[in-house]
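A.B. asks: The structure is given below, and queries will be raised subsequently.
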């Protein structure tokens, strides 16, 4: 007889190989066809709401690995929240306005298109990009409302954004002023703080002499009767700002020295600089000298010095006063700072504090980076081309003390990678320290209080955002662009004042934009709204900062705190969001702008929690770079290994820091995936012939080890759900892997194989095991589903078509409409766990000893062994309680327990009996049945009799 055929060998249509890259697109298509997202919404209706608001990626270019990380993390959270019993929608969004798209239109069609044409082409381009990105996001297994995303360029969104502008204007936060702002010559526009990055750059560093003018006043400041001719010396890395100099700054508490030097410089024998900087400066200039007098910086306030180019051109024949500044340091330079208020924030603040009018500020640099033609000596030159010319002019005027090359970290545009300057222009601002009209706290105060009330994951994000808000300048709202939401103001042509009915007019404009998009503002004739007043006003041409676009989506998409705005998705979502989740750069981006708009509109943040993930680097910790050749595209991984591998990589990596990825790392992830898949295959194969409705064993009648397995599963489930709740995904993955490999594979399933395969197919022993396995399988699949979505869905379909087929709510469309599995409580759960924890420890000792005996060649498999265990009272009771089932737990042919006062002692010997050809146990009763001499007594009983007596394992 072929006894192999008498075994209950496992069988399942769930294949060993996932073939993920080939099969996943089919699941994506099926989810689309069967409207899985809509099914989730229907199943979740009426539950507590959980809102993750999607930070919109920019609608330009293909998605990269960072996008994949971001979307997968969001998908894990939304799916896990739905399965935890929440109603968690996912409405994806896209950021659609702004410079990068304008650049693409310029590249394709040239720079001089009419504004309306730029806008229509930009809108069409953004839609094309969204379609490309949407396809790639869906390929990652991300479920969401892909047919109805929010777009910042939707007419309704553009209109509501104008309404948001009206509300913060009405509250008193918005003002117009001349201030130095980050300016990109290539953009031709102001930049937000988040649009500035730093890179090393080499610039000329120069020491420049400003000649004395009123030598009598200077002598008195130093307590002298008189002084010779000379100059005060400054140090700067921006020679191009020298033509715009309007003041000098010294620190009030620093000691300054008059130094008589030789050989005598052009402007005279005396030089004025900080005492502490005299020695290194003279050495650098090749001079010798002695200090003739010192004075505190405060004594120099108000003294005036001649412009260093006064001798070179009449246009520079002016003097600059000394102002006091606490920001002056002695780290480098001379301890004297030159001030060009149009091109430096501290310079601007200092000069304004001393009464300099906006109209008197010198700003010869135009928006394209060139000096105005009227500027003496350098008119028409770009500031960078002018640098060497200015240095040469200073040298000819006798005002150049030293020029050196300096490599330093400098501001650059994040789009063009070109240098950015501070440039004073007339812009619209949201005031950080302005008190709103209702008398409440300033924007800075309410934002800082809001940070304190927000949960941060990881916790260090709080200090980072707090420091940014505490130190940031006013928010420059305006941009000089074409493809953006207009700051739809009417400005008086003579006074520059806003129309007195501006808030009302903004609503009228918003109504038109709602029907025709921002193009409606472009084509609007002011007479339509202003009537006869139209001649007095002009349309403001500025657009809103794109960070205002995305930063106000909590109002335009979620509906805001008061629901006054229409909002595109207010019915599905809610304000405030439970969570915003983005990369760590968004502390200065979307997190930041959303916080400010939320606090201006409603007095507190639009989110309860902020989750930050790090950037992706290669296996050596280097940034992804095409030039280095270490870029890993998510599309390529999906097409070769499968998106499931990307999902598992994201979930198993600590996202709070940098996420490392390489071919080698992905190879290890593939191995982890295979182990999980093999566990699932075993589980599915062993419940394939099981009917959950008609064949389940009551929980109270389960074998002891089966009850322990369920208690163990419940403990694991609680831990994993806790990790999901706290957004700790890599410990969740680790726990699931440990459960599959150690708790199941190396322990429970290893022991269970004998009972599953050798007992009668319909026996209580086998059905007890299958009852437990079905609960374990359901628990495991539902816990895995947020991460391994394709695999969990595939396995769920197999399970729904077999063991669960006869349940009342079958067939189930998808695993994603399920909630986490409800496992039975066991009154003796703690006692069971304590007992079996000790049994597992003893089993591990036995296995170690068995391996020693096997290595010595005394036995082949562990089933050839017979074990005697000598145990103290406590261990003896535990081991003896299993009776003959102990041998199945230890996977040996005989296990005998002996009482002993000492600690555990294990003796192992090879069995002297014959091997059963069916169960492979070596038993004394093999051959005793004349009809079946090849098998043992229990196999005879299982095949032809009442079945073996067995209750523990």
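All positions are counted from 1 along the displayed chain.
In case you wondered, yes, glycine gets a Cβ from its N, Cα and C as well.
Pasting the feature list from Swiss-Prot:
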BINDING   582  L-isoleucyl-5'-AMP binding site
BINDING   626  ATP binding site
BINDING   916, 919, 936, 939  Zn(2+) binding site
MOTIF     57-67  motif ''HIGH' region'
MOTIF     623-627  motif ''KMSKS' region'
A.B. asks: Where does residue 936 (Zn(2+) binding site) sit in DSSP terms: helix, strand, or coil?
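C.D. replies: Looking at the DSSP assignment, residue 936 (Zn(2+) binding site) belongs to neither helix nor strand, so coil.
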A.B. asks: Once the DSSP letters are reduced so that anything not helix or strand counts as coil, what is residue 582 (L-isoleucyl-5'-AMP binding site)?
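C.D. replies: Note: residue 582 (L-isoleucyl-5'-AMP binding site) is in a strand by DSSP.
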A.B. asks: Can you check which residue among the binding-site residues 919, 939 has the largest number of Cβ atoms within 10 Å of its own?
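C.D. replies: Per the Cβ count within 10 Å, the most buried is 939.
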A.B. asks: Nearest to residue 626 (ATP binding site) by Cα distance: which of the binding-site residues 582, 916, 919, 936, 939 is it?
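C.D. replies: Minimum Cα distance from residue 626 (ATP binding site) across 582, 916, 919, 936, 939 lands on 582.
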A.B. asks: Give the number of CB atoms, excluding that of residue 916 (Zn(2+) binding site) itself, located within 10 Å of its CB.
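C.D. replies: Its Cβ shell of radius 10 Å holds 25 other Cβ atoms.
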A.B. asks: Any idea what the model's mean pLDDT is for the motif ''HIGH' region' (57-67)?
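C.D. replies: Mean pLDDT across the motif ''HIGH' region' (57-67) comes out at 96.
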A.B. asks: For Zn(2+), what surrounds 916, 919, 936, 939 with a Cβ no more than 8 Å from their Cβ centroid?
C.D. replies: 758, 917, 918, 920, 921, 923, 926, 935, 937, 938, 940
A.B. asks: Give the residue from the binding-site residues 582, 626, 936 that has the most other Cβ atoms within 10 Å of its Cβ, counting over every protein chain displayed.
C.D. replies: 936
A.B. asks: Per DSSP, what is the residue tally for the motif ''KMSKS' region' (623-627) in helix, strand and coil?
C.D. replies: 0 helix, 1 strand, 4 coil
A.B. asks: Any idea what the Cα distance is from residue 936 (Zn(2+) binding site) over to residue 582 (L-isoleucyl-5'-AMP binding site), rounded to a whole Å?
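C.D. replies: Residue 936 (Zn(2+) binding site) to residue 582 (L-isoleucyl-5'-AMP binding site), Cα-Cα distance: 63 Å.
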A.B. asks: So among 916, 919, 939, all listed as binding-site residues, which is physically nearest to residue 582 (L-isoleucyl-5'-AMP binding site)? Use the C-alpha atoms.
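C.D. replies: Closest by Cα: 919.
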